[in-house]
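Lifted from Swiss-Prot, the feature list:
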- 1-30: topological domain 'Extracellular' (TOPO_DOM)
- 52-69: topological domain 'Cytoplasmic' (TOPO_DOM)
- 91-111: topological domain 'Extracellular' (TOPO_DOM)
- 181-202: topological domain 'Cytoplasmic' (TOPO_DOM)
- 224-230: topological domain 'Extracellular' (TOPO_DOM)
- 252-274: topological domain 'Cytoplasmic' (TOPO_DOM)
- 31-51: transmembrane segment (TRANSMEM)
- 70-90: transmembrane segment (TRANSMEM)
- 112-132: transmembrane segment (TRANSMEM)
- 136-156: transmembrane segment (TRANSMEM)
- 160-180: transmembrane segment (TRANSMEM)
- 203-223: transmembrane segment (TRANSMEM)
- 231-251: transmembrane segment (TRANSMEM)
Amino acid sequence: MPQGEVSFFEVLTTAPFSHELSKKHIAQTQYAAFWISMAYVVVIFGLKAVMTNRKPFDLTGPLNLWNAGLAIFSTLGSLATTFGLLHEFFSRGFFESYIHIGDFYNGLSGMFTWLFVLSKVAEFGDTLFIILRKKPLMFLHWYHHVLTMNYAFMSFEANLGFNTWITWMNFSVHSIMYGYYMLRSFGVKVPAWIAKNITTMQILQFVITHFILFHVGYLAVTGQSVDSTPGYYWFCLLMEISYVVLFGNFYYQSYIKGGGKKFNAEKKTEKKIE
């Protein structure tokens, strides 16, 4: 490793956790992460073409491990960032918890925030399971993966106050989502309404982020101190708007249009299994 570079294990094993080291590590890897995301797009569509005339792979075992691993990681991350955010609430106040970074990026919540950024590359693996098992690949899926990963890497070293809430909400929703996927992959019968509510939670986190961003934006234009930058602020706002539109459309197509065809089909499947 070239002199001056910070390794993953150096950040992981430094006690107490050093946010400055983690920022250096992400800064060193963000360009590689960007090119990985570009390669990801090429690979998934190339692989999709290759799989056109092939039978789907039976990946039950690997999928079980994958979903269980991400469910455990997301749950631990949710717990760590929940305690970190509660500390900010009680020590600095509700609004300050997203206006300024405080101590959130230090300690256990800081370590999991750093791991959160890195995990966005690992989550590309979700798409491989979709393609190799010949499940439908939606634009929403890969677009969301690519944009979230690049935003996470690019904005990490900027110390954005509102990223504390984004990280916490994403961890929390993912802990439930991957827990649901894990149960499904293990063959556990899960009520159809749970999938519907997970989509609702995903949309809700984007809506909450909008309120936070609007407040931070108001404070910024009125000359008050905020931990934000114009470039990353607009990147985040436009990204979140696109997510509300895409996830909202998915919700409409799945659970409202035609009386909720997807939802009703899943319920019928449940009855057949029972």
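One is the number of the first residue shown, and numbering goes on along the chain from there.
Cβ coordinates are placed from backbone N, Cα and C, and glycine is handled just like the others.
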Worksheet item: Which of 70-90, 203-223, 231-251 shares the most C-beta pairs under 8 angstroms with the transmembrane segment (136-156)?
Response: 231-251
Response to the item:
DSSP puts the residues of the topological domain 'Extracellular' (1-30) at 18 helix, 0 strand, 12 coil
Discussion item. Can you tell me which recorded stretch out of 31-51, 70-90, 112-132, 160-180, 231-251 has the most Cβ pairs within less than 8 Å of the transmembrane segment (203-223)?
Written reply: 231-251
Practice prompt. Tell me the residue counts in helix, strand and coil for the topological domain 'Cytoplasmic' (52-69), as DSSP assigns them.
Written response: 10 helix, 0 strand, 8 coil
Worksheet entry | Overall pLDDT for the topological domain 'Extracellular' (1-30), taken as the rounded mean | 90
Discussion item. Checking distant contacts: for the topological domain 'Extracellular' (224-230), what same-chain residues at least six beyond its ends satisfy Cβ-Cβ under 8 A?
Written reply: 99-101, 158-162, 216
